[in-house]
Amino acid sequence: MMVLMEKRLHWMPPIRNATAAPEFFSEERAWAHMQALAGDLPDRQISMPQLRLAHDYVEAQGRLLQQLAAARGGDVEVQVYRENVTGSVAMDFGGVAFTNAYNSLTNIIVTITPAGTAGRPGLLIASHHDSAVASPGASDDVAMVAVMLEAARALLSRPPASLPAVPLVLLFDGGEESICQAGHGFFNASAHARGLGAFINLEAMGAGGLPILFQHTGAWTVAAWAAGSPNAHGARIAQDIFDTGLIPGDTDYRMFSARHFGTLPGLDIAFIRDSVAYHSSLDCVERVRRGSLQDMGEALLGGLMSMAATMAADTEGKLRSREAIQERAVYFDLIGGGMVHYTDTTARMLHTAPLALFIMLPLASVAGGHTAAGVMQRMAAAAVRALRAFVGALVAPALLGVARVLLTGVSMAWFAHHWLAYLIYLPIAAAFALGPWMRLRDEAMRLRPGQQGHYVACQVYGVGLLLSALAAGLCLAGLQGFSQIFAMGGMLGFAVGSVLDNGAPTLTPLAAAGVLAVSTVPLAAMGAILGTFLDVMMERMALTGHHSTLLADGLIGVLTGSAALGYSCCCLLPLMAYALGGLLGSGPTVFADPDTHTGASKKKPSSSSSGSSRAPEGRDWSSRKGVLGLLVATSLGAAVWISVAGGAGSGLEPYNASNPRRVTITHLHETSSWLPEDDEFPASAARAVGAAVSASLLHPAAAATAEQVQEPPPSPEEERRELAPLVSPPPRVTAKWAMGIVDSNPWEQILRALPRAAAAAATNTTAAAAAGSLLETAPLTLPYVRQSKVRHGEAAARPYEFASFHPLDRLLGKLVLEAEPAAEPPVAVPPYVRLLQEEVIAAEDGSCPSSSDHAAASGAAGSCSADGAPSRRRLHLRVFTEAHCWAMLNITTAKPIRRWSLPSPPVAAPLQQPGGGVGGYFHMVRFSHEAGSPFWELWIDVDLEDSAGKGGERAEGGGPGAAWASVELSATYLSLTRELIEMRDALPKWVLPTWIGTTYHSAYVY
């Protein structure tokens, strides 16, 4: 059954080729779009020129859809729009608050309006065509862009009766990887975001397919999707887990959903398999699993038609009511064979019903000749036994994993070979799950020789009682996905116990058949949910952060134990142990008499037989104990074997080229508080380099001949080389390598594979000294590293050195090295912040600045209000970045900023001093842009209350109470320099960057 379940989970529909009838979705046709974007334009990050070409490609495909609609004769209208969005949003990522600002990001929008549907609430379908840093983004998210384009083409090839019943708005988001900036801009600024009734967001966290519904808003959206999608996958537990932040990530779902920043009900659907490729160079066209686009395309066409029909039937607007949007659903699929779903309101009854049944069960047992107190006592004892089994199955593999890491220093030995995790953790989990029940057959024959069925049933009831109590508690806590798993187990316990509690002295063949009949579907559903989640989490351990070397193995040990319990549906554990007792026993066996249902003793010849039908307590316990010992020994042996044999060259290394370890590589250039003499030369330099970039897109690779152009245009590199010496005054640059690891293994594992690292470690006699020496010496062998002290760890790294990663910097295991600056930097003029103007706003004047030369580009008034605030300094700032970039502003003030020119309100966090106390407040602003101008202007207000002298002057010394402001700029450019390439290539082949770029940092105090 497990084999069949695994095959079903990896099943893909037949692929339709490019010659398939036009009204059908064809993966081959969609594949061509994915190749054109991810294959031909792999660097589609914000700030990279290829993203512009991607915008052009998607817009051109929209125009083709427009032509296809025009040829139909007027029964459907298609319009194509290219919009730029600017704005900001106060948000949090993983519990870290920050402001996310953006300027002139590009979205492509295609509207499809069938005749007679104008005026109805539209259905938004969204995906993004930008890619993550260092990734071609084939699955994330160009595969979904390709699915949308092909699905739209298929719809427009169908007869009028087969068109959607509501207008469709297709959003091709041009800036999602910068934490959903362009999606926020669309929903807050685009005219096409008005009048929408629901949305479907398409995402990916792996290249292996299996599109699951993992987030939703509004229970009706789940019902509609399940009704229309031919192979709906998903489980509510995925949303509960995602909401906990255990899996770091974000999607445009948050920007549209009424549960977050939007106002709409809708769905978030994503590929989840092969997360190893996620956000890396492995996410290429060749790695995307064949059949996954066909699966997603057919699901999307069926799902959107069902959702559109549901929306069109809602003539009274009930689906848009607050109650309908807030109502959530519990759902799970039957291994692709259909989706079960019901509302949270129903769940509160269903998930607490098993507990009510078990509470009433002792009273109902009186009719069978049992006492209610006796049944309750046996159930309670069994529940305690079940708790021991559950705790043991979860804790034992976790402790084994932690012990192995402590002894070997190597975590995640199973990462490249998942079967190793099952081999290490599953046997010991099974041993501890079965251990408390292994004497069950002896107990039943000793205590209830004529009522073994009832005794075993009480054990199953006890497991169900525990599961039901957990289900009720989780239900009250709002974790309905988890509650559903336990409630399903509780109900199964009640059903299995009822089958067994039939008055027979033993388990009859009919009872065994009944147990199999009632447990098959729950076993498949629970096994699929928990097994899939375990596989995904093993892959995601590469990106969960460097919190502790023990985290990954401890967590996977717990999850493997959970899977072991799920594979047995928990309540089958007593039956399995009872069956083992029969297989390994050698004493008298009790059979059921078909006429009297009483036990007849059939004894094997024995000189010491007493003639009693009762089995001696502990009979053949040693043989059953041997089974448990064998299971534990298997886990221990596997752990020892992989620790000894899993070294380099064994083929069992924790990482390999297909399952790499992730690092971040930043070539940090510090320019202190450098400023050019004026802004004229930087502006002209930005125009010159920008023109060279545009020309390079028209005349690539210096292949132009005299017949093509009169003279090849200068490359961007040539322009920068000519302009850099003209910068006045020349900046003084201090360079560093700021590198990070993002999983549980230590830096030593990478450093040990570097040249001369083994020799450095061999000079020390102790492992601790060798590790210390490795961290101090091995990094100095890396390219462009100056011989100086190596800094590593959270305490040794300075916050600004990793500011460009905020809010993800807390996930990194940090390593900082003094370095040589880039010989040919990615910009001729370093980025900087200039104070344009300073003014004092009187306390009684709560007004915001009117339109002026110094008004922020993002909005005239910003988040400003006339609320009788104290006097304040208004600082008008101009940020210069020669080229498009990913940047972070850290604005630190004595008191929280209450006004600035950004549309969203300021988000402040206290700056904790080493000795305690607050030394001010910092405001982190992440921003990216595709604007034509290299300048971005904004203003901030700094309160003067109790901190300024007469006339609003700053207090002496600028202490904590003074109206000072510190502004730090960290701007990252993603084009690869020679230094970045050599650093990347110097690392082991099984190491891949998930982030790589050149960052400029400058700091100013006003």
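Quick reminder: no glycine exception, Cβ is built from N, Cα and C everywhere.
The structure displayed is predicted, hence computed values, not measured ones.
Checking TrEMBL for region 'Disordered' across the ranges 174-197, 846-869, 894-917 points to 846-869. Here the transmembrane segment (554-580) has Cβ contacts under 8 Å with residues 2, 382, 386, 389-390, 393-402, 414, 421-422, 425-426, 429-430, 432-434, 437-438, 440-441, 444, 456, 459-460, 463-464, 467, 485, 489, 492-493, 496-497, 507, 515, 519, 522-523, 526-527, 529-531, 533-534, 537-538, 541, 624, 627 of the same chain, all six or more residues outside its ends.
Counting residues 6+ beyond its ends, the transmembrane segment (419-437) has Cβ neighbours under 8 Å at 385-386, 388-390, 392-397, 400-401, 404, 413, 459, 538, 556-557, 560-561, 563-565, 568, 573-574, 576-578, 580, 628, 631-632, 634-636, 638-639, 642, 652 in the same chain.
Highlighted: of the candidate stretches 387-407, 458-479, 510-534, 458-479 has the greatest count of Cβ pairs under 8 Å to the transmembrane segment (355-375). Using a Cβ-Cβ cut-off under 8 Å and counting only residues 6 or more beyond its ends in the same chain, the transmembrane segment (387-407) has close neighbours at 413, 424-426, 428-437, 466, 549-550, 553-558, 560-562, 564-565, 570, 573, 635-636, 639, 643, 744.
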